[in-house]
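Record features, source TrEMBL:
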type	residues	note
DOMAIN	48-450	domain 'Amino acid transporter transmembrane'
TRANSMEM	77-101	transmembrane segment
TRANSMEM	142-161	transmembrane segment
TRANSMEM	181-198	transmembrane segment
TRANSMEM	205-225	transmembrane segment
TRANSMEM	245-263	transmembrane segment
TRANSMEM	275-301	transmembrane segment
TRANSMEM	321-344	transmembrane segment
TRANSMEM	365-385	transmembrane segment
TRANSMEM	391-411	transmembrane segment
TRANSMEM	432-454	transmembrane segment
Amino acid sequence: MADDSQESMESARVLPNIQSEKRYVELNDSVGVKSPEIETERQNIDNPISNLQSLMHLIKGNIGTGILAMPVAVGNAGLWVGTVGILLIGVIATHCMHLLVKCNRIMCRRTGVDTLDYADVMETALTTGPVKLRKFSNVARYLVLTFIIITQVGGCGVYVVFISTNIKQVINHFYPNDPTIRVYEVGVAAILVPYFFVKNLRSLSVFSTFANLVTATGLLIIIYHVTQGLPNVDSRPAFTGWSHLPLYFGTALYAYEGINLVLPIENKMRYPSDFVGLDGVLNLGMVTVSCLYTMMGFYGYLKYGDDAKGSITLNLPSDQWLYLSVKLMFALCIAISYGVQMYVPAKLLLPFFKSKYENTRLERFGEYFVRIGLVLITFTCAAAVPHLDLLISLIGAFSVSSLAIIFPATIEVVTLTAENETLPKWILVKDVLLVLLGILGFLTGTYTAIQAIVETY
């Protein structure tokens, strides 16, 4: 066992250790398996964040283009089926976040390190898990990293489409014969290139704070608008049929892509024991997010019905300055979020290129190549699929289903199989059902989204 532990410590790529005086407390996890001892306070961590800051980061990380697509998501399922489905997907996504946090703590205990990221947890779970699975640990790590990059880059492709369509709609109000959407996408991509060369998140923090305030203001205006002059609920179908459910699943799940932020937030908390628990930061944040999603989806579809677009901002009146300003506000906020979103894939990919060059000039050239290449990839995604709702559904079904459902459930089975001689059957059944749900959504959602995209050409 000691050899296994040493092997796992060498294979795990961990963040810098946090030197702290530790007081420990044992928590009983929501799934009924005792969690490892965790710190109640980190005293010497660099720039720790409070519970309130953690909550704000969690909410902001889950509030983006996804919430604005909730009305069209509900339209793919029906008013009541879609609304209830958002809540159910929220429960599943939140539960899987808890699984990831719990397994992270077990892995930290096994390896003796303070913090791990998502890919570390997957790799270490396999490295210290059943012997037959250990040879797959490195592959599993890169699989997680690949899906994280796909999610982040694909999400930035969604951002380019979102910014372009909203700006086009505003300009179209004044100049009806304006260029096609792809012309706007070229312009947006060109503007975003220099912004993407900001290398320090601290440099982006001022812009992010401004974006948070503007986003909150814009959401309040939209919620007020969609709750006015509503038709009777009987005017909308409760269930629209099975054919579009895969698109619904992909769009609704895309909104819960924030699972990538769960471990980074917990790793920076001064009081990590407050992150989980019935009244913890994670539950409070995700309940808030799920309620906002549900409200936006229900009222947005009730107001606009089948006319609901890929972003609710595109349904706002174009003849009133207030709503025109909301479109521009969100376009600006999403542009700011683009730099933060692309920071993750750049941070993951750059070490692979830098390690190949000893020459500083070549290393710098390689970095520029990666950064510009990522922007071009996002532009290619946007140009290939200029339909906001379909691109969101494709990214949600293809990549978020794995990160938000399949991987956490798999990690729990592998972790607890090594942790306990006999894995409780109900946990095994529950996780198998989660994996099957994720695979079903992955296959049907990806196929249906691609089919719908092809039909638009």
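The backbone N, Cα and C atoms fix where each Cβ goes, glycine too.
Automatic prediction, not curation, is the source of TrEMBL annotations.
In this chain, the transmembrane segment (245-263) lies apart from the transmembrane segment (365-385): fewer than three C-beta pairs between them fall below 8 angstroms, excluding pairs fewer than 6 positions apart. Most Cβ pairs within less than 8 Å of the transmembrane segment (365-385), among stretches 77-101, 142-161, 432-454, belong to 142-161.
Simply put, out of 77-101, 142-161, 391-411, 142-161 has the most Cβ pairs sitting under 8 Å from the transmembrane segment (321-344).
Contacts between the transmembrane segment (181-198) and the transmembrane segment (275-301): absent, as fewer than 3 C-beta pairs lie under 8 angstroms at sequence separation of six or more.
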